[in-house]
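Visitor: Take this structure, written in structure tokens, and hold onto it; I'll ask about it next.
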């Protein structure tokens with residue numbers, strides 16, 4: 001085990017603070033509509049130009065181990081805020097640095113870090129409650145959603161508008177994904193209904209030769225969790241569907257051999273219009289998705305587990321959909337005939353699974369299933385002229401998407417750092433059990449001005465003048481950094497999601513309090529180069545004598 005270096009109390013905290021300052025100073029220049037760019041070197045290819053705080057923070061590793069620990073702890077603030085709310089990372093970094101800076105002054109004056117921590121926690125709780133209960137307004141209309149997206153995407157109105165369109169089309173439960181597009185403009189693709197990535201098992205099922213798609217109107221849908229290889233099992237169902245003159249979609253683990261050949265022949269002769277696809281997913285997820293399709297279409301999964309066999313199945317066990325579209329790669333079911341109550345019960349069941357799940361991957365897949373049942377899936381294709389611009393723009397669109405989700409969830413507050421200034425009202429008259437706790441409350445009060453100060457500094461204005469003017473106002477009155485004017489920020493469309501502002505404050509206070517109560521730091525000793533490390537090879541000169549061995 002390598003030898004360690006240990007630093008204690010003030011020495012440890014000062015080194016940590018140095019690392020915090022280096023990271024925070026690099027990140028905070030990107031804050032706001034008039035924030036500056038940061039340029040990140042890449043090991044190959046062109047450097048990345050970004051105004052995204054998290055991207056800058058992720059790149060920073062410091063040489064000094066103790067400074068690096070401070071920087072990494074501050075990084076945790078932005079990544080936690082990003083995980084919970086999807087945005088507000090730069091604000092959280094600015095707040096944490098400010099709380100820590102003010103706290104270090106109090107520690108230098110001989111105050112107890114534990115009492116300061118209690119004061120910080122008390123102030124944070126009061127301010128967070130004020131944000132959620134007093135300031136927050138619901139965000140429901142398209143206009144508010146577009147404004148939140150615009151602000152989060154660094155004042156890019158096109159991004160805000162496309163996110164609002166996507167949410168309008170797939171609903172608040174719908175899944176919206178961001179991909180790299182092929183053109184210069186942003187595009188929105190919306191898939192309504194249930195889509196899964198399995199295509200037709202034979203090109204002979206195609207009904208439209210130009211698009212190479214199979215389209216079935218008012219289709220009956222057979223769901224089976226086993227392989228189908230014997231056509232005799234299917235005959236009763238095929239006859240029943242043919243009598244009703246309806247097309248049939250078969251979704252099974254596999255359709256092969258004689259069964260597939262017979263279906264193709266029947267389809268080509270026009271006896272019964274049919275198409276077959278493999279069931280989506282694998283293992284337990286496949287069973288769950290088949291059940292989702294059954295509930296969506298009002299059908300039943302033919303499965304041994306519930307004592308049903310294919311030869312005993314009737315037309316009543318089949319699901320129904322207004323339209324089914326099948327391409328080589330995917331199948332889309334639109335207008336399933338399932339009962340609304342059954343679908344909503346299934347959605348609640350999946351949501352309960354999401355609450356219990358600890359895996360982000362599982363949660364994402366469960367959320368996709370909810371979207372396919374109730375909303376749909378929208379894909380925003382980001383357009384840009386160059387690879388560098390594409391990456392930067394995609395990161396901004398993803399940020400904006402997270403922010404709008406947070407706004408829909410918990411509501412909105414006036415943006416531009418104004419919400420935190422208004423939340424200072426919650427700290428008026430608030431005092432701790434002793435003087436040191438009261439000082440903890442005071443340093444949070446000072447730190448809550450910092451995001452507005454930084455926004456104004458980045459815009460090249462006088463921060464103190466603006467902060468005082470904003471404090472004199474009430475409600476949504478604040479400073480619009482983009483235009484340089486004072487006014488009602490909600491009307492001007494300068495909004496922040498409540499969840500983002502609240503999470504930024506809570507995470508910043510949590511990590512700053514942790515750092516202030518740090519009393520010892522342990523790190524690996526810097527590796528020393530062995531002096532004269534190459535000198536040992538000198539002895540090899542004697543090998544010249546080996547010539548005598550010939």
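Numbering starts at 1 and runs along the chain as displayed.
Placement of Cβ uses the backbone N, Cα and C atoms for every residue, glycine included.
The feature ATP binding site is assigned by Swiss-Prot to 30-33, 51, 87-91, 416, 480-482, 496. The annotation compositional bias 'Gly residues' is assigned in Swiss-Prot to 534-550. Per Swiss-Prot, the feature region 'Disordered' maps to 525-550.
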Visitor: Would you mind pulling the DSSP three-state label for residue 90 (ATP binding site)?
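Guide: Residue 90 (ATP binding site) sits in a helix per DSSP.
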Visitor: Since the record lists 51, 88, 416, 481, 496 as binding-site residues, which of them has the fewest other Cβ atoms within 10 Å of its Cβ?
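Guide: So among 51, 88, 416, 481, 496, the binding-site residues given, the one with the fewest Cβ atoms within 10 Å is 51.
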Visitor: Enter the number of other CB atoms within 10 angstroms of the CB of residue 32 (ATP binding site).
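Guide: 27, counting other Cβ atoms within 10 Å of residue 32 (ATP binding site).
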Visitor: Just to verify: the residue among 30, 90 with the fewest other Cβ atoms within 10 Å, which of the binding-site residues is it?
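Guide: Lowest Cβ count within 10 Å among the binding-site residues (30, 90) is 30.
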